[in-house]
Ligand code: S3P
């Protein structure tokens, strides 16, 4: 079985992906990390050098390279569900989980520390909340195509495991 975590930057896809993989004894794949390993630079640098369109094309290609993986939990980048047929592809090849959080909670998390995410570089406070509110409104109908929608505050590894195995 394959499980894909989707949702906005900062919602916890990597953290919860890893926890669920441990709980199910599955492999864990972080697509952003695979991307950076493949291209040999950071996503921020790749954006600067090649632009967002090239990034979207390659991240979608890397998603589809998981086709033959078995028993794997995959965390995806926050924009991936919006492009091409990625959401449909994930649902056809496994189950997807949208980790839902409010813009205020996402902003609070994303404002902590130094970000490496190109879309929010230099954005803080109210500007960050406004950006997230607008972007999330654009993206949410894609995220909501997920097989499961979970409240990002209330879940546990056991509740996630139950969701995907019942
Ligand atoms: C992006 C989210 C990032 C990364 C890239 C673009 C987005 O992944 O793929 O910076 O468009 O929301 P995370 O959601 O893992 O931060």
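Each residue, glycine too, has its Cβ placed from N, Cα and C.
All TrEMBL annotations are machine predictions without curation.
According to TrEMBL, the feature ATP binding site maps to 10, 11, 12, 13, 14, 15, 117. According to TrEMBL, the feature Mg(2+) binding site maps to 14. The substrate binding site annotation in TrEMBL covers 32, 56, 78, 139.
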Q. Which residues, same chain and not among 10, 11, 12, 13, 14, 15, 117, have a CB within 8 angstroms of the centroid of the CB atoms at the recorded ATP site?
A. 7, 9, 16, 75, 78, 99, 109
Q) residue 14 (ATP binding site) to residue 56 (substrate binding site): how many Å between their Cα atoms? A) 19
Q: Please tell me which one of the binding-site residues listed here (32, 56, 78, 139) sits closest to residue 13 (ATP binding site), measuring Cα to Cα?
A: 78
**Q.** For residue 13 (ATP binding site): DSSP state (helix, strand, coil)
**A.** helix
Q | For the binding-site residues 13, 117, 139, the one whose C-beta sees the most other C-beta atoms within 10 angstroms | A | 13
Q. For residue 139 (substrate binding site) and residue 10 (ATP binding site), what Cα-Cα distance in Å is obtained after rounding to a whole number?
A. 14
Q: Give the subset of the binding-site residues 12, 56, 139 lying near ligand 1, defined as CB under 6 A from any of its atoms.
A: none
Q. Near residue 78 (substrate binding site), which residues of its chain come within a Cβ-Cβ distance under 8 Å, counting only those 6 or more away in sequence?
A. 7, 8, 9, 11, 13, 139
Q: Quick one: pull the CA-CA distance for residue 15 (ATP binding site) versus residue 32 (substrate binding site), whole Å only.
A: 13
Q | By Cα-Cα distance, the member of binding-site residues 10, 12, 117 nearest residue 56 (substrate binding site) | A | 117
Q | Where the record names 32, 56, 78, 139 as binding substrate, the maximum Cα to Cα distance in Å | A | 18
Q: Would you mind reading off the Cα separation of residue 10 (ATP binding site) from residue 32 (substrate binding site), to the nearest angstrom?
A: 13
